[in-house]
């Protein structure tokens with residue numbers, strides 16, 4: 001017996017078994033020999049013989065706690081119920097530190113049977129007997145962590161285990177997971193780092209650390225962890241090619257990932273492996289290869305049975321095939337694939353959603369049914385709400401589209417896309433102020449969202465908040481967006497400057513836009529108009545020349561170029577202007593603007609009857625054109641047909657009421673001797689003074705508003721203001737005879753005859769065939785005592801009038 005125990009203690013079990021067998025032959029009732037031989041059989045994995053000997057030992061010695069313990073260990077996996085009985089009897093016989101392992105094993109069985117309270121009691125009994133058993137701490141901690149949701153108690157137990165054994169890597173991993181449960185990611189990462197320090201070659205630890213860092217939004221560090229895993233040579237990692245493929249795919253090493261999966265499929269050609277391969281190929285933008293992989297997966301399923309199983313896994317294969325078709329813009333095939341996925345799994349929200357997208361791109365109204373079904377299955381489907389908003393927006397149903405954006409924002413309150421699109425919808429709905437609020441929120445969330453700045457600038461422009469619009473346009477140009485956006489910004493800002501009357505800056509923006517689009521005649525048209533407004537008439541003519549080079553049939557270009565020639569005030573320029581107006585009318589005989597401009601041109605050349613004819617034709621073409629009546633009235637007044645002028649001015653005033661027309665009618669009434677009517681017209685014109693001032697605040701270089709305000713101030717006897725307005729009008733229109741004529745009237749009323757004579761002479765040099773102005777200069781010179789010159793002017797006025805009457 002001693003000889004056998006000696007070999008047993010030295011783990012020479014074969015010799016020990018021979019010795020114990022010899023003892024049992026001599027003494028079949030020797031319980032100790034049975035116990036030792038049973039333990040030796042167990043060590044050599046001869047479990048049946050071991051159980052027989054241990055049972056015999058217990059029959060001979062029913063109080064042998066060690067025999068109960070050893071038999072319980074053998075039966076733990078094959079017969080847990082009998083094992084529990086054996087461990088229970090063992091601890092009943094001996095509940096001292098010597099037998100703490102029985103408590104430990106019984107606790108493990110209880111845990112496997114989900115009897116958590118019994119398991120915890122046994123592990124606590126172990127700790128009561130021996131506080132150094134870290135396994136007991138870990139076991140209770142895992143029960144608390146995984147099954148009872150008592151995370152703080154679990155953390156304390158894992159901490160106790162670490163205090164007992166600071167090198168226990170499992171304790172650090174478990175505590176990290178407990179910290180993760182209470183969202184203490186910093187301490188979780190710290191424990192994983194300690195575990196990696198103890199076992200630097202365990203790939204799973206790096207993956208876990210990468211996961212926690214990603215949740216902390218430390219994406220660069222997380223990515224570094226995954227890259228570290230991909231470069232590891234750990235044998236266990238090499239033996240898991242699927243996991244290796246997943247890691248390589250995350251690291252964007254798609255070719256290596258595909259190689260790993262091909263290696264797996266060569267040994268394990270299962271549908272799930274082909275699906276995994278296809279997903280990696282999709283990430284690698286190898287759509288055709290991915291589709292082939294998914295189709296092979298479906299063929300394997302069909303080969304294993306006559307029909308496709310109605311499972312989510314099968315439906316997913318067709319869903320992925322549909323995504324591949326969408327990537328290739330084969331929308332009908334994609335639609336069919338998604339329909340198959342839905343048939344196989346009717347509760348598949350993403351399949352409904354993608355089919356809805358296909359149908360929307362195909363212009364099919366029933367796409368909305370798919371979006372509705374998606375939301376019925378998954379009420380938190382953000383993309384479905386946004387797609388439904390796009391659909392309603394495309395149909396002009398902006399209010400309904402906005403409601404869908406509202407629902408999307410409930411799901412994702414910080415969605416840049418949802419705020420931006422809702423802002424666009426509100427702009428389309430003409431609710432500009434609330435559109436600005438959404439676009440501002442978009443910019444708060446994404447400071448570099450170029451389209452948000454652009455659309456907010458346009459919205460500010462619509463509500464006439466020009467300062468903020470200019471600021472946003474400026475920011476856009478600093479952000480260096482695409483050429484298309486730069487072009488639109490320059491055009492829009494140029495138009496805004498035009499509204500402000502800042503034609504110099506508008507001109508610069510249009511010139512910059514012309515560099516982006518050198519063949520756009522409309523831009524050169526705008527440049528020409530701006531040059532005209534800032535009195536750079538030669539540059540204006542050059543711009544209109546460019547327009548006509550690009551578009552020889554542009555009626556507007558001929559008209560505007562003619563107006564620029566007219567502003568120079570010289571006879572040759574007026575002739576050239578006349579040619580342009582005639583060309584415009586040749587291209588479009590019904591162009592009222594060209595008729596009116598030609599009428600004023602003929603009037604300036606002293607051809608009053610022809611001018612009258614042009615204004616009359618303009619009235620016939622458009623009886624609602626007040627400018628045509630006003631022009632004909634001015635000709636009638638020049639021709640001495642006061643009543644006809646009065647009638648035309650009345651017709652113009654029926655169409656629109658302006659201070660200029662009221663003033664003109666007042667002058668006509670005064671000529672006709674109707675002084676009370678003239679005074680009433682002047683008083684009505686006076687009320688327009690504030691409107692001229694407001695107009696000039698918005699458009700400081702509006703020469704018409706300046707001159708009309710000057711005339712109104714003259715009537716009001718606001719002499720200083722009138723002189724300032726006439727001075728500004730002269731600077732804006734140095735070749736306008738009307739400005740000098742009206743300022744001469746002001747000076748005549750002030751009895752400043754020398755200044756009046758100078759202005760009327762300037763007016764006549766610009767417009768030499770005007771009988772009314774010669775008559776007026778005759779009166780002024782008579783006041784100055786220049787009788788001969790006054791008589792000559794009077795004769796000239798009569799001569800011109802006779803020529804007019806003879807036409």
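Keep in mind that glycine also has a Cβ here, set from the backbone N, Cα and C atoms.
Features reported for this protein in TrEMBL:
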- 31-64: repeat 'TPR' (REPEAT)
- 169-202: repeat 'TPR' (REPEAT)
- 271-304: repeat 'TPR' (REPEAT)
- 315-348: repeat 'TPR' (REPEAT)
- 382-415: repeat 'TPR' (REPEAT)
- 450-483: repeat 'TPR' (REPEAT)
- 487-520: repeat 'TPR' (REPEAT)
- 521-554: repeat 'TPR' (REPEAT)
- 737-770: repeat 'TPR' (REPEAT)
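Residues 1, 4-5, 8, 11, 13-14, 16-17, 20-21, 23-24, 70-71, 73-75, 93 of the same chain sit 6 or more residues outside the repeat 'TPR' (31-64) yet have a Cβ under 8 Å from a Cβ within it.
Helix, strand and coil counts from DSSP across the repeat 'TPR' (737-770) read 27 helix, 0 strand, 7 coil. Note on the repeat 'TPR' (450-483): residues 420, 423-424, 427, 432-433, 435-436, 439-440, 442-443, 489, 492-493, 496, 499-500, 516 of its chain, located 6 or more positions outside it, place their CB under 8 angstroms from a CB of the stretch. Model confidence over the repeat 'TPR' (31-64) stands at 76, taken as the mean pLDDT rounded to a whole number. Only residues 6 or more beyond the boundaries of the repeat 'TPR' (521-554), in the same chain, are considered here, and those with a CB under 8 A from a CB of the stretch are 491, 494, 498, 503-504, 506-507, 510-511, 513-514, 560-561, 563-565, 567-568, 587, 701, 732-734. Using DSSP to sort the residues of the repeat 'TPR' (271-304) gives these counts of helix, strand and coil: 31 helix, 0 strand, 3 coil.
Helix, strand and coil content of the repeat 'TPR' (521-554), in residues and according to DSSP, is 27 helix, 0 strand, 7 coil.
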